[in-house]
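Asker: Before I ask anything, here is the structure I am working with.
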Amino acid sequence: MRIILLGAPGAGKGTQAKIISEKLNIPHVSTGDIFRANIKGNTPLGQKAKEYMDKGELVPDELTVEIVKDRLGNVDCVNGFILDGFPRTIPQAEYLDKVLVQMNINLDVALLIDVKDEDIIKRMSGRRVCTNCGATYNVVFNPTKVEGICDVCNSPVIQRADDAAETVLNRLETYHKQTQPLINYYEKAGKLKVAEGAGEVDETSKRVMKALGI
């Protein structure tokens, strides 16, 4: 199954992608991870992306699509993938469609994990991340056993700058302007499925599996 994951920042896409990945035995392809891997590996595509990022500029859609295309061409994507973090705009979706046609890949589902803004703000402003191992917690839903200390490696946990309430509001505003139109785009293409993302992870997972017909 070939899946694109849609949803606001903090909707739980990464968590659900991991669950789907394990259930279907297909890779979770996170564009953020691909960028980091290409830059760290000093690949030609990574070098190009780094030039833009070092100047504080956005990586052009054409280059992002090339990086995604390169990853989807890997052998582990033959039986499917979960693409998370791309596309974010209509032009990106159109670029991706062209690339998938070139690769003879048919997209099965664009899955929207739908969460209300107020729930997103609650989730994200309460999120804490370990400074060492990257483990994620939430002061309301999933607190550390010892306040401020990671359960896994005993390092300090912090609130990332982009999880502060004001920043979350700005990110949601950007999401609604840029990414929301994708919902209409994939609905018109007959690819859209929606799963309610509020509540516990297990509850959301059941709704996700139902939406995917699994």
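Quick reminder: no glycine exception, Cβ is built from N, Cα and C everywhere.
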Asker: Can you tell which of Arg2, Arg127 Swiss-Prot lists as binding ATP with Gly10, Ala11, Gly12, Lys13, Gly14, Thr15, Thr136, Tyr137, Gly199?
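Answerer: ATP site check in Swiss-Prot: besides Gly10, Ala11, Gly12, Lys13, Gly14, Thr15, Thr136, Tyr137, Gly199, the record includes Arg127 out of Arg2, Arg127.
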Asker: Judged by the number of other CB atoms within 10 angstroms, which among Gly10, Gly12, Gly14 is the least packed of the binding-site residues?
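Answerer: Comparing Cβ neighbour counts within 10 Å for the binding-site residues Gly10, Gly12, Gly14 gives Gly14.
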Asker: I'd like the Cβ neighbour count for Arg88 (AMP binding site), meaning other Cβ atoms within 10 Å of its Cβ, all protein chains included.
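Answerer: Arg88 (AMP binding site) is surrounded by 17 other Cβ atoms within 10 Å.
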Asker: Considering only the binding-site residues Gly10, Gly12, Gly14, Tyr137, Cys153, which residue has the minimal Cα-Cα separation from Phe86 (AMP binding site)?
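Answerer: So, spelling it out, the nearest of the binding-site residues is Gly14.
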